[in-house]
Amino acid sequence: MAGPAGDWPEAAAATSARSVLGGYRTYARRWVFLLVISLLSYSNATLWLSFAPVADTIARHFLLSTEQINWLSLVYLVVSIPSGVVAIWVLDSVGLRWATTLGAFLNFSGSVIRSIPCMAIGIQDPFVLLLGGQSLCALAQTLVIFSPAKLAALWFPEHQRATANMIGTMSNPLGILVANLLSPILVKTEEDIPLMLGTYILPAGLAFLLATACLWESVPPTPPSAGAAQSTSLSFLAGLKLLTRNKAYIILAVCFGGGIGIFSSFSALLEQVLCVNGYSSEFAGLCGAFFIAFGVLGAVALGLYVDRTKHLTEAIKIGLCLTSLACVAFAVVSQLQGQPVALAAICSLLGFFGFSVAPVAMELAVECSFPVGEGAAAGLVFVLGQAEGVLIMVLLTSLTVRHAEPSVSTCRDGQGPLDWKVPMLLMAGLCVLFSCLLVLLFHTPYRRLQAEADASPSIQEDERPGTATTLDHVPYLAATP
């Protein structure tokens, strides 16, 4: 396989002495670090979509247009693409602690700035402050999204990495779910908007306080595994060069990045697709909630399974194939009227299979690119996914046409319902294409696990004095080139 194989055996061999001399240790404070990153990711997601569920009320209160309200969410997508590369450098070069603290500061500052129009009198253009605050939160997003894979690699032993990655990664969609449910509850009238903005400041402020007070170092004094000992052993530019020559990584990044783009488009267009055939916005919101809630459950189940078996490649291939089947089912059933139960079940399955593979894909990106830094390995997949999301969104919306005949539409744009049949079939086709490419073309050895096996037996010590246990290394290693 074409890839960074040239430097990898030497890096693996360099770790073997450590297991003999001193062993590896795990520290209880790794869970505090995971809590901070999870809370930060949760808060950032709630700030992203807090305006969308109550867009009409926000627009009336601040005298804004629908397009301006949409930009309060779209700015995340626009900012994340150029800022993603900078975030990768910060994570791999400056360190996880400072990257997390910076992200928490930007997130908290943005949450406060966007609340100023409700706190101050005589603001001439509240949109500037609202968009400015959202932009700072958007800058924090890339630091937040890229962190779980690096935290899992640096602080957690091999048998807990996928679980830690899953917890940190799934905190983001959990925040999206809470924002969709909480904003309509908090905002009944325009007078409730300050309450909503203040409520979302609380987790952002808590995350900043914990990041400042409780995070003391980017890496533990003693690494938890051989893979952690060699983390970011390459320079930033050297790592990027190796990634561009790594065939397996490129296939994973393109295919899973396409999946990210499809899921972003699905989330954004769900209400517009369903309203054409008479489904209410409340039902569309319920389907979106099922989509995320079952996705979190699927991620928990698959994360625990992968930590125990290390069947990363099999898990992502099977998961994407099942996601494709659910996507095809949605493309067909969403064009039918009077199928609420079927649609709710399909959205639940789509989230269950699709979201569950996200933490696995991040782990697999690190495995197939080791010893490239985890920030680069996971971050570039996300940046590519955001770029593909923009292209897919533009493509799908450009293929819509107005309905030529009367319908049972509940859409509120006042311009007549759109026909989403061709765009939805195209979305399903792209999902099938990306899944097939990954199944047929993606093959890789698990480089990090192999390095840890070569360093066996390693001693995993708890932070409490006097406790040490020898862990058996995972016997399963995908060695197919």
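We count from 1, first residue shown onward.
Cβ atoms are placed via backbone N, Cα and C, with glycine included.
Those TrEMBL annotations? Automatic predictions, nothing curated.
According to TrEMBL, the feature domain 'Major facilitator superfamily (MFS) profile' maps to 30-447. Sequence annotations record features per position, and here TrEMBL assigns transmembrane segment to 31-51, 71-90, 128-146, 166-187, 199-219, 250-271, 283-306, 318-336, 342-366, 378-400, 420-442.
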Restricting to the domain 'Major facilitator superfamily (MFS) profile' (30-447), report the mean pLDDT as a whole number.
85
Can you name the far-off residues of the same chain, 6+ from the ends of the transmembrane segment (199-219), with a Cβ under 8 Å from a Cβ of it?
29, 32-33, 35-36, 39-40, 42-44, 46-47, 50, 95-98, 100-101, 103-105, 107-108, 110-112, 115, 154-155, 179, 182, 186, 228, 231
Decide whether the stretches the transmembrane segment (318-336) and the transmembrane segment (420-442) have at least 3 CB pairs under 8 angstroms, with pairs required to be 6 or more apart in sequence.
yes
I need to check the long-range neighbours of the transmembrane segment (420-442): which residues 6 or more away from its ends have a CB within less than 8 Å of a CB in the stretch?
248, 251-252, 254-256, 258-259, 262, 265-266, 269, 272-273, 276, 313, 316-317, 320-321, 323-324, 327-328, 330-331, 334-335, 392, 395-397, 399-400
Counting a contact as 3 or more Cβ pairs under 8 Å, with residues at least 6 apart in sequence, do the transmembrane segment (250-271) and the transmembrane segment (342-366) touch?
yes
Do any residues of this chain, six or more beyond the ends of the transmembrane segment (342-366), have a C-beta under 8 angstroms from a C-beta of it, and if so which?
148-149, 152-153, 161-162, 165-166, 169-170, 173, 249, 252-253, 256, 259, 263, 266, 270, 274, 279, 286-288, 290-299, 301-303, 306, 312-313, 315-316, 319-320, 322-323, 326-327, 329-330, 333-334, 374, 377-378, 381, 444, 448
